[in-house]
């Protein structure tokens with residue numbers, strides 16, 4: 001029941017979208033008298049006992065919340081470390097207006113009615129903000145504080161103690177922490193499934209979820225979901241993984257008509273005009289639609305965050321040195337909420353699915369980013385070498401999957417006869433108006449990017465701040481974000 005209020009603290013009101021994985025540990029550690037069976041209740045007790053700054057730092061989970069303290073006449077807004085849960089904010093400091101929503105589409109109408117001078121944008125991950133409630137009923141901005149940056153160790157009591165981890169080498173510790181990240185995310189009263197591309201990241205997550213589900217004796221088989229066009233590489237690889245693990249596997253095949261029908265809807269749901277984000281979102285959107293309409297799975301695990309954390313993008317082979325590669329990982333993780341994180345959240349939530357992304361676990365990322373930088377770089381032309389080696393002797397996956405080359409996502413799902421890139425090009429050629437389109441802010445420089453911006457502006461006029469830059473590979477001379485234009489690209 002939200003907004004949440006407790007008898008013990010009747011002047012405090014909470015709204016939250018999230019999962020707090022350590023809510024039981026917090027109850028045991030601080031003897032919180034929980035009134036509900038809802039994990040987000042822990043936020044209220046943390047706030048009352050420690051204040052807002054320590055309250056957010058003691059949370060192990062994903063969240064976007066607004067807490068109103070009627071007694072102190074304060075409003076607090078906070079978002080999880082990597083922005084797994086979305087949060088938008090609309091404000092006008094002079095008029096004393098504040099509005100928040102999980103998506104911009106819930107606020108754009110208010111902005112258009114209240115005045116274009118209102119600022120609308122994403123609330124940054126790893127931050128909290130304080131506002132004062134005035135006697136007039138309006139609000140006054142107080143301050144914003146950054147409580148997290150990628151690589152920072154957890155401030156909460158970790159799921160796995162340092163004493164327990166001390167007996168492992170770096171590879172064993174990596175494997176153990178990724179499994180622990182999956183384990184805590186199994187917290188659900190709804191059926192769990194896995195998005196499976198057949199690539200390393202989603203396959204590792206799926207294998208660990210299947211292993212843990214058997215250990216916990218879940219009363220159902222884990223469902224896996226793969227998508228592709230005809231004879232796409234991802235469908236073939238995902239089938240190999242599903243057969244190996246014995247999952248209840250679903251293959252979804254889509255065609256040009258499905259792309260044609262979904263393209264504009266995907267841009268609306270994403271609230272972005274970034275090129276590679278839109279391309280990669282198309283198959284994920286269609287797969288989520290299938291899951292919602294044809295199965296009883298609600299919670300879906302996915303592999304987002306691995307490429308950013310483990311230097312999985314092919315261009316990392318061109319990093320000038322280990323320090324530059326480490327700094328690029330930090331940058332990618334800091335901005336993941338604008339690109340891959342946004343894609344994963346919006347395409348699944350468009351169909352009311354709950355996303356779980358273990359690679360963005362705070363304890364796991366803290367460990368991985370603390371490893372000697374040279375260990376984390378591609379080795380002998382193999383990206384994510386450390387991650388692969390951590391599971392080399394586990395038997396969780398066949399070697400053909402554990403050492404599968406990195407695929408460009410939009411290529412991995414495409415038929416060898418016709419790429420998704422070509423299909424999108426043909427659709428845009430039909431739809432893009434011939435008149436000279438002009439846009440403020442970040443400028444589109446290809447026909448494809450012009451079309452995406454054209455569709456975006458229909459729903460979110462003038463909100464070019466939602467996409468601060470086009471996602472592009474670093475250290476390589478390319479004009480397109482796809483990995484297939486990089487010289488090292490070896491996927492067949």
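Using the three backbone atoms N, Cα and C, a Cβ is placed for every residue, glycine included.
Annotation source TrEMBL lists L-glutamine binding site at 39. The ATP binding site annotation in TrEMBL covers 195, 227, 302, 303. Taken from TrEMBL, the feature domain 'Glutamine amidotransferase type-2' covers 1-134. The feature site 'Important for beta-aspartyl-AMP intermediate formation' is assigned by TrEMBL to 304.
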How big is the gap, in Å, between the Cα of residue 304 (site 'Important for beta-aspartyl-AMP intermediate formation') and that of residue 195 (ATP binding site), rounded to a whole number?
10
Could you check the recorded positions 39, 304 and say which one's CB has the fewest neighbouring CB atoms inside 10 Å?
39
Counting distance between Cα atoms, which of the binding-site residues 195, 227, 302, 303 is nearest the residue listed as 'L-glutamine binding site'?
302
What other residues of the same chain, not counting 195, 227, 302, 303, have a CB atom within 8 A of the CB centroid of the ATP site?
194, 196, 197, 202, 225, 284, 287, 300, 301, 344
So residue 227 (ATP binding site), by the Cβ count within 10 Å over all chains shown, scores 27
When the pLDDT values for the domain 'Glutamine amidotransferase type-2' (1-134) are averaged, what is the result?
96
Write out the long-range same-chain contacts of residue 303 (ATP binding site), meaning residues 6 or more apart in sequence whose Cβ is under 8 Å from its Cβ.
195, 197, 199, 200, 201, 202, 203, 204, 205, 357, 359
Over all shown protein chains, what is the count of other CB atoms within 10 A of the CB belonging to residue 302 (ATP binding site)?
26
Restricting to the record's ATP-binding residues (195, 227, 302, 303), give me the longest CA-CA distance in Å as a whole number.
15
